[in-house]
Amino acid sequence: MRRKTIKNSIIFEGKGIHTGEYCKIILHPSEKDGIFFLKNDIEIPLSLEYVVDTDHGTTIGKDGISIRTIEHLTSCFFGLGIDNLLVEVDGSEIPILDGSSRIFCEKIMKTGFKEIKREKSIFKINGIFTFEEMGKFIGVRPSKRFSVTTIISYEHNSLFKDIFEFNDLSKYIEDVSKARTFGVLKWKEKLSKKGLIKGGDYNNLLIYDDSKNINKKRYKNEVARHKCLDFLGDLSLLSINVIGDFIIFRTGHSIHYKFFKLLKEREDLWSIT
């Protein structure tokens, strides 16, 4: 398969989920291989080596410049198979929009794609690898396809017991992109003290109280689907194109990063074709 970029530049703007401040990004077509973020004349590659924080979102940075909460946007890139792109950033984070990757996908699909006359690089899993930490688990095994099985189960909270199996990237928009970030009302005070979710509201979060969801779900298992969305966004730090079967249990950005970093160090377990 050939590498691809977008046909024309696209603008997205809105508030950030954590800062609540106005943010604007412009996606530009690129012939240069890879995805790069540009802020204050500093170019930051989409790569594990440039991750600087994973607290309630993935932040990349370089030379003192950082960009927060990239994962919904990069999940869209992974789901649509976009290899080459320049993302111009004005603000401290990526706009949260509706809390999912749906709007990113819709505007990109409307703009369309341009094929690059070079072959895609494929990150292929050649061996079994697992990682467990504090009741969270990620595993991967060789396969002829790409798949993710997401399992959510918290003993103290019956609201979040979901499973979602995803194995067809052509259905990313339909099956994954609409799943929103979620939260529980009682989390708000704790997160606010940490300077987080200042931009969170009913328009960009699936919100729960102690017993039920307050606003309407888009999928019955929306929480598990959003966990898959986030995982794909973080997986893009490793590669946009991956072959292997993954299983994730109660994961988040921090364990994603640790797992990918350890996996990358095990060069006997993967190859790039």
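Placed from the backbone N, Cα and C atoms, the Cβ positions cover glycine too.
Of the residues proposed, His28, His72, the one TrEMBL records at the same Zn(2+) site as His226, Asp230 is His72. Taking CA atoms as the reference points, His72 (Zn(2+) binding site) and His253 (active site, proton donor) are 12 Å apart. The distance from the Cα of His226 (Zn(2+) binding site) to the Cα of His253 (active site, proton donor) comes to 12 Å. Set side by side, the recorded positions His72, His253 differ in how many other CB atoms lie within 10 angstroms of their CB, and the most is found at His72. If you draw a 10 Å sphere around the CB of His226 (Zn(2+) binding site), it holds 28 other CB atoms from the protein chains shown. Straight-line distance linking the Cα atoms of His253 (active site, proton donor) and Asp230 (Zn(2+) binding site), rounded to a whole number, equals 8 Å.
There are 25 other CB atoms within 10 A of the CB of Asp230 (Zn(2+) binding site), with all protein chains counted.
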